[in-house]
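Structure, as structure tokens:
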Amino acid sequence: MTLQPLTPVNCAGLLQPGCSLLQLDGEVLLFGQKGWPKRSCPTGVFGVRFKHGEMKLRAISFSNDSCYLPPLRCPAVCRLDPYDGLPESYLIHGGRTPNNEISSSLYLLTMDSRGCNRKLTLCCKEKELVAEVPGPRYGHTMSMVQSRGKTACVLFGGRSYMPSGERTTESWNSVVDCPPQVFLFDLEFGCCSAHTLPELSDGQSFHLALAREDCVYFIGGHSLASDSRPPRLFCLHVELLQGSPLLSCETLDNGLSISSAIFTRTGPTHRYIILGGYQSDSQKRMECTTVILDEKGIHFDPVETPKWTPDIIHSRTWFGGSSGEGGILLAVPTEGRPSQQDMHYFYQVNFQTEGETREEDGTLACSQESTDYDDSTPLEDSEELYFGREPHELDGSSDGEGEAYNEEDEEDESQTGYWIKCCLGCQLDPNTWEPYYSTELHRPAMIFCSRGEGGHWVHAKCMELSETLLLKLSQGNKKYFCLDHGGLPYQEMTPPRHIIPLKRITMKAKDKKRPLTIKMSPAKKSFFRRLFD
């Protein structure tokens, strides 16, 4: 177990309480922010990278057929593991926007494609719900259950604004706990059904929900009605029958008094670790707990806590999320220290043993750095968004150089598995390469071989090319090509626009201005000559 301080690189202001961390296709994604400065990332989704004690963010783009995903704080996020041929994905429901608007929409977030440079493109679709649809809320949970070969989603808890009929001038923006109803809906047809159980008599928010097969365990939570965090633990059993589903609930005694906690999975089995959270409004929960779900039920075991720093111990609030199996990203405020420019201190907590620890450089997304964040204005939700375009294409109208997309960070991507398509017999490791050509500044030189379906990238060193030939093949902003296809005019950059010269049309003789002349006969000329003499 380790606690490592992190240095945010021009991205500390983007992580705020209520943000969510997702793990999709081996990457950690940050969701819930308003966007990168100067509209370089209108989607508000970023890839998070931890390397050498630094934390960097990289803008993630959406596909052209994606819908707009608003920045949502404290939504219900549920991971869908691959099943029935469907890829891994995430369900996102509800949440609160930075403009204090509460959403009731359901979104499905999946991976759309991967570029040759490992750039991730996401696809977001809004799912339509029918029948007994849950109202807008935040601070609730969603879980997937499986029963009798069927799959359904369970939604519970949360809080929302007062009903419009009960609002007054003083309590117009006051929030209340949502009714303690359990919503069950299937993903194929979007049909929802609401269920009221006698064991769930009070509303609760910011609790934990852990699911295993047909059971969902609700742990802790905060109740606005009593302003308390009782040690709650409910076991919801869902049986998906052919007609209507059958739900039953059991109250267990070994609950935890906790709210807004962070949990992470520590393996393929149903084993989790709970960290953080609050025991009361003025007391953080500094203990860590292991949770194991098996056939007999749920089990809690204390686990050794990290060696907390004084900043963590004395801070009043903290937040974060799971950064992968056995890892947690933790943030604590700087408490208004003038010497500290960033708003939060960041730490990475790793609960994995040395044998389970994965290599740090080969798993997460690359970074993007902004050099003009302090003077930037956050995006408004009503701004026009563009999907399927690279972030630097959205800054074509910027006047300052600092507002443009920083392409130097893309070059750093080559040092962490940038080249993924090479010949099978390649012996060159791109993560530990040594410069072979003098032209290799940031990454190993690659050539594009057109053989096979679609071609593939090969290290130039494997092809035993001389540097002179390598330079010859790369003239004119071309890609590197193999010996058989070096003369093809494929270009990596957009060719310059050819400006047609303007044709200068000569003016007609009749349109030219001539000096004024008076036609006179010889007799008149001699008369005027004698007159002036």
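Cβ coordinates are placed from backbone N, Cα and C, and glycine is handled just like the others.
Per TrEMBL, these features apply:
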REGION    357-413  region 'Disordered'
COMPBIAS  371-384  compositional bias 'Acidic residues'
COMPBIAS  396-413  compositional bias 'Acidic residues'
DOMAIN    417-495  domain 'Recombination activating protein 2 PHD'
BINDING   Cys422, Cys426, Cys449, His456, His459, Cys462, Cys482, His485  Zn(2+) binding site
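Cβ-based crowding with a 10 Å cutoff singles out Cys449 as the top-ranked of the binding-site residues Cys426, Cys449, Cys462. Over all protein chains present, the Cβ of His456 (Zn(2+) binding site) has 18 other Cβ atoms lying within 10 Å. His459 (Zn(2+) binding site): 21 other CB atoms within 10 A of its CB, across all protein chains.
The predicted model assigns the domain 'Recombination activating protein 2 PHD' (417-495) a mean pLDDT of 63.
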